[in-house]
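Step one of this worksheet: look at the structure below.
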Amino acid sequence: MIKNHFKIAWRNIKKKKGFALINILGLSLGFASSILIFLFVSHHLQFDKFHSNADRIYRFVTEQHKDYINYVQSVPPGFTNAFRNDYEYAEKVAKIVNWEDEVIYIEESNLKIKAKKGVVFAEPEFFEIFDFPLIDGSKNIQIKEPNTAIVTETMANRLFGEENPINKTFLLANQEIVTVTGILKDLPRNTLVQGDIFVSFQTLKKINEGMGGETWSWISPNLQCFALLYPGQNITQIESALTEYQTKFRPNSKNIHHYKLQSIGDVHFDSRYDGGLDVKLLWIFSLVGFFIMVVAGINFVNISTAQSVSRSKEVGVRKVLGSFISQLFWQFMTETFLIVFLALILGLLVGIASLPYFNSIFDLQLSISNLFTGSFFVFVSILLLGITLFVGSYPGILLARISPVLAFKRKLSQNDSGGSITRQVLVTTQFIVSIVLIVGTIVVNKQIKFAIDSDLGFNKSAIVMVEIPEEVDAVQLNGLKERIEQHQGIEKVSACYAAPGAGKNEWSTNVRYNSNSEDEVFSVQVKIADKEYLNTFGLQLLAGRNFYEKDSVDEILINETFAKKLGVQSLDEVLGKQLTVADDYVKGNVVGVIKDFHDQDFHKNISPVFIAPAIDSYTKLAVKINLNDSQAALAHLEKHWNGLFSGYIFEHEFLDDRVAQLYATEQRFLELTKLFSGIAIFIGSMGIYGLILFFVVQKTKEIGIRKVLGSSLQGILWLIVKDFLKLILIAGLIASPLAWYFMGNWLENFNYRTDLSWWIFLLAIGCLVAITLTTVSFQAIKAARSNPIKSLRTE
């Protein structure tokens, strides 16, 4: 019986090749989209879930309470040892510091490279907390001693080729000779900690005493502290015990620190902290995949119910010959299953072929191996059976219930075969999905354009950022700047720690203003720079003057937000007053106030910023070039840079590209929206095309009569397209408030955002009208131009 069902099903598919092809292509694109989205969502849901003790691994974070709550994914440098010595809640405690990209030099081969994922300074307990397996080397001794490191397998190959890297050495940041004591398997992408080289924490103490020390006066997001708790620990109890650290180590601070624990499994989705992903994005992606499958399924249902008119005789004959309703139903379900199965196979192939493109958009490493998991098998099985039942049940019931009397008398109408109203509702649903996706694409694109094209408060165009070594002295640096400026294609040069818009040096620290007896604590963006910084980046001075560059910091510039934070009534009031930051780390008089600029992305409010000179802290050269002479200017810059720093790698980056990277997540979201909106619209268009083909066949005689009676081409065209335009209008009325609600919620993630203009919704509806008319018109015009005599002979 089953074999017979499949034979008949295959015969019917071959008989209606065109409609079967539309169904298979539409469903296969839906399957491919769903599979890619499933892999994407699974990748994020599995973040750090692979550690054997994942349920007991926690990260310490800080909630700073004052006028508002500031969430920092770190703790003061002194926290780790204090917790380790004061409490017995944890088996292991470890801290790491993520460092900037550093130059790695191999003397034997004269090789100079950069660690793309950066250098991580880690305490040895870190590898006892996390399951990052070693390929070679002793886990117990790998990074306990100063100047020791373990490197990933890929980095070992880059550094030493096929040679055994154990006990090999490299020069880190042109300062410390480090010995490789272990080889680490490459870290998966779905883990919080990323790095190429893990260096002993003892080495950091030699490179940077502040980061490697025990201070409680500031917090850096580059430092993270983790603990492997003993089983059965009460998190609330631990957090309550940690409140004593506020009075013990920060007794005079107005800013109250609450130290909290984050389960390692929750870190990736806690968007309150930098680096956290908003879980709403996964829900959005999942819904997009669901609605694409709905659109593809609606195509199948519409075409199948429409075809039931032409299959009525077949059903009538089978019933007369004794077929039961259940047999007819399962015959159609077998046909449906066969089409869905073929579509799934094709969808898998399309999905696999699309993986390289998908990986490039989202910076992933998904491969065919991700398809051979239990969860994927369950997902595909549910998808196959679910879609088969969804698209097959309704048409199958309609076909099975067709009256043989009506079928033989040829009086079966569209209403008898499932009703035009049902199809109109389903087509309208497709249009609603398409409009919402088009609106989403427009709004995301508009917000990104708004962020990138808005006045950020500084000039980002035609500025090249070049790294400079840490050990450069004032004479070398000033000499380099003078030589660089001699070229006509170079307009301005500034030495600094970070450019505006970099947002990479945020201190949560104590600030003392003038003669105040108490410190205040808040987050400050620190900009260490020379006096050319303002002119190079076009920063506007609102009050006072620029500082005079000296060897020591005794003059400071602050922004408007910093001045308001200090409680002054006018900007001039702050001039000449002393400002102390981070326990005298920076101490000087405020000599100028600059206009606010966006140092971080538009998700965040403008932070307090101070700018101060410190020639021993400059790590970047900002070079403003003339774009009309850019190639020659860059060649001149590289020539003189290499002449001074022959042991380093010359690398440059345009600032506007760096600023655009602030919106990398949104750019990826936009690419995904574009991709799957296009797929949904294409699938919907295929379904409409199939319906028009069938509609034209059913209306052949009516079209012929109308032509004989003098109806024009435009009149016949209007007869065919008017119903679709009505459905688009209805869909627009339903979709617009839905899109407004969803995209309004998304825009609330940005403190500075574009508006939801009325024209966006009109444009989305207009796009759908144009796509539908294009799809419909070809067949409609062909039908309208057909010979009426042939049309009248069809019945």
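Every residue gets a Cβ built from N, Cα and C, even glycine.
Taken from TrEMBL as is:
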- 20-41: transmembrane segment (TRANSMEM)
- 21-244: domain 'MacB-like periplasmic core' (DOMAIN)
- 281-303: transmembrane segment (TRANSMEM)
- 287-404: domain 'ABC3 transporter permease C-terminal' (DOMAIN)
- 337-358: transmembrane segment (TRANSMEM)
- 378-400: transmembrane segment (TRANSMEM)
- 421-444: transmembrane segment (TRANSMEM)
- 433-628: domain 'MacB-like periplasmic core' (DOMAIN)
- 675-697: transmembrane segment (TRANSMEM)
- 675-788: domain 'ABC3 transporter permease C-terminal' (DOMAIN)
- 724-744: transmembrane segment (TRANSMEM)
- 756-781: transmembrane segment (TRANSMEM)
Going through 20-41, 337-358, 421-444, 756-781 one by one, which has the most CB pairs that fall under 8 Å from the transmembrane segment (724-744)?
421-444
For the transmembrane segment (337-358), could you work out the same-chain residues 6 or more beyond its ends whose Cβ comes under 8 Å from its Cβ atoms?
6, 9-10, 13, 20, 23-32, 34-36, 40, 300, 364, 366-368, 371, 380, 383-384, 387-388, 391-392
In the same chain, who gets a Cβ under 8 Å from the transmembrane segment (421-444) while lying at least 6 residues past its ends?
288, 291, 294-295, 298-299, 301-302, 305-306, 666, 669-670, 673-674, 676-677, 680-681, 684, 687-688, 691, 723-724, 727-728, 730-732, 734-736, 738-739, 742-743, 746-747, 754, 756, 760-761, 763-765, 767-768
Same chain only, please: residues at least 6 beyond the ends of the transmembrane segment (756-781) with a C-beta under 8 Å from a C-beta of the stretch. Say none if there are none.
431, 434-435, 438-439, 442-443, 446, 681, 685, 688-689, 692-693, 696, 713, 716-717, 720-721, 724-725, 728-729, 731-732, 735-736, 739-740, 743-744, 747
Mean pLDDT, the domain 'MacB-like periplasmic core' (433-628)?
82
